[in-house]
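I have placed the structure first, in the form of structure tokens, so that the comments after it can refer back to it.
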Amino acid sequence: MTPTAAPSSSNPIGTLSAGTLPILRTVEDLRSQVAAWRREGLTVALVPTMGALHDGHLGLIRRGRELADRVVASVFVNPTQFAPHEDFDRYPRDEGGDAAKLASAGCHVLYAPTVRAMYPQGFATAISVGGPAEGLCGTFRPQMFGGVALVVTKLFLQALPDVAVFGEKDYQQLMVIRRFTRDLDIPVRVEGLPTVREADGLAMSSRNAYLSADERARAPELNRALTAAAAALAAGAEADGALTGIRGRIAEAGFGTIDYVELRDAETLEPVSAVTRPARLLAAAWMGKARLIDNVPVIPAG
Ligand code: AMP
């Protein structure tokens, strides 16, 4: 590998870089970089992603910069969280574009390991999470949270950051990560960032690239329906009616299969039928070839 970034005291590794952003491919290089920062007394934030970065991801980087002295972003499309029929092969990939965006957001290092480096020949370990991983996306994508737990645990142990930042856009995933981090005594603080949205309310997502222009115009109705129902629930509306109302509204807007629309406790993710403490409305539905997910808080009035 030809070094193109000038090594500095906090970047002792000869690394391939895009602009000024070093790109590390191996766990050894990542650990050397983090160790060099540690020797300087610097703190480290990790932002795991699957790439095809948008402003939601960059919000996590900016939050990481507020929370720590150095920010590592990982880009790894993790095969263990996709079922064979899902979009692993066609998931958008753009490492050059990602590196440029990360550099502009103030990220210090991009960690982009290969699949073979993360899952070498003979890899034989799995992690199974219950509790918040049950139901919702856990029902419709049964392999997902085991794969997320595996890759995030590996990334945590590889980078050993002080803090890691995840988006509330994937609210169930955030709760699952908090759960196994606590359960496995992994010494990493897990921070959540509110969902970053397009001007019309659509949650930013790499999978929005799958939407046609017409589907893109219809997609914000998911957020509008959730937001309206959350206000009604907070004011005392009955849950079944609110959930049925969301289903009708998004079906009308052109969503096809609705995987779920549910009201859950905001912390435990247990199903709730009335809002007496902070809750979360969560939904997943298909618009054309894109499976869109979204969620909003429901805060009881008074
Ligand atoms: P992904 O690359 O889709 O796996 O997402 C990587 C991280 O970015 C996860 O923590 C996501 O929750 C977060 N993320 C994705 N989209 C958004 C968004 N619109 N707002 C905030 N965080 C997001």
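Keep in mind that glycine also has a Cβ here, set from the backbone N, Cα and C atoms.
So that you can see what the record holds, here are the features copied from TrEMBL:
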BINDING   50-57, 167-170, V196, 204-207  ATP binding site
ACT_SITE  H57  active site, proton donor
BINDING   Q81, Q173  (R)-pantoate binding site
BINDING   Q81  beta-alanine binding site
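Using a 10 Å Cβ-Cβ cutoff, M50 (ATP binding site) registers 19 neighbours. V196 (ATP binding site) has H57 nearby among the recorded positions H57, Q81, Q173, counting only those with a Cα within 10 angstroms of its own Cα. Note: the Cα of Q81 ((R)-pantoate binding site) and the Cα of H57 (active site, proton donor) are spaced 19 Å from each other. Neighbour counts were taken at the CB atom with a 10 A radius for the binding-site residues L53, V196; the maximum falls on L53. For ligand 1, the neighbouring recorded positions among L53, H57, V196 are H57, V196, by Cβ distance under 6 Å.
H57 (active site, proton donor) and S206 (ATP binding site) are 10 Å apart (CA-CA, integer value).
Long-range neighbours of H57 (active site, proton donor) (same chain, six or more residues apart, CB within less than 8 Å of its CB): V47, T49, A73, K101, G167.
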